[in-house]
Amino acid sequence: MYSVDLHMHTVASTHAYSTLHDYIAQAVARGLRLFAITDHGPEMADAPHPWHFMNMRVWPRTVNGVGILRGIEANIKSRQGDIDCHGRMLAEMDVVIAGFHEPVLAPVDRAFHTEALLATIARGEADIISHPGNPKYPLDIPAVARAAAEHGVALELNNSSFSHSRAGSADNCRTIAAAVRDAGGWLSLGSDAHIAFDMGNFNHCIRVLNEVNFPPERVLNASPRRVLDFLQRRGRPVIPEFADW
């Protein structure tokens, strides 16, 4: 049903276990048409060096009919919404996900988290906000959903938040999906795979979409073209190899 996965990690994030080649093979096996590698931003303790991201230019754009986007899951670093992806590194990215991670920015309170996320959205560097349903970072969800819709930023439903990580996220994720629906915004589905076997697994996300009657035309992952058009509207450069996708 969904042919794009926009959130996964390779062995370059050393708590993950698969290579780019592993993900390509799994994408072919699962019938995915496009995916983004989004290793953790460099302020995480086991994240890749900035050169890892700047050298993604050596990657092929397509392998065996599957498209590859060059991305990052950046860390929100402060109340002002700055992230650990900027300058040349930011310029090399096709897609930027950004979110809260405890080793970089410890939880504070609802007002702090909301202000930081609103600032991140307004700054324009992040295309997608990762796992905003994390209960350790309570938010003013309607305010975040409205801001994301206004700025053309997608909020993520993260499949791993229902299973491997961030216990207690489910109710928040339902609330987020409903708030994005009401605000007329975009949802992005992310497997958040740390091993290739989880790539493209959106089973929990799909259940939430159905529960809140989320409009399918506002889910990015439906097609490569929808994702590429979204990124171009956000000012990302056109990728010539995907012009006819």
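Using N, Cα and C of the backbone, Cβ positions are placed for all residues, glycine too.
The structure displayed is predicted, hence computed values, not measured ones.
Swiss-Prot lists His7, His9, Glu73 as binding Zn(2+) 1, and of Asp192, Asp198, Asp229, Asp244 the one it places in that same site is Asp192. Annotated Zn(2+) 2-binding residues in Swiss-Prot are His15, His194, and among His40, His49, His52 the one listed with them is His40. Record check, Swiss-Prot: Zn(2+) 3 site residues include Glu73, His131, and the candidate from His101, His113, His151 also listed there is His101. Comparing Cβ neighbour counts within 10 Å across the binding-site residues His7, His15, His40, His131, the minimum falls on His15. The highest number of surrounding Cβ atoms within 10 Å, among the binding-site residues His9, His194, is found at His9. If you take the Cα of His194 (Zn(2+) 2 binding site) and the Cα of His9 (Zn(2+) 1 binding site), they are about 5 angstrom apart, rounded to a whole number. Separating the Cα atoms of His9 (Zn(2+) 1 binding site) and His40 (Zn(2+) 2 binding site) is a whole-number distance of 7 Å.
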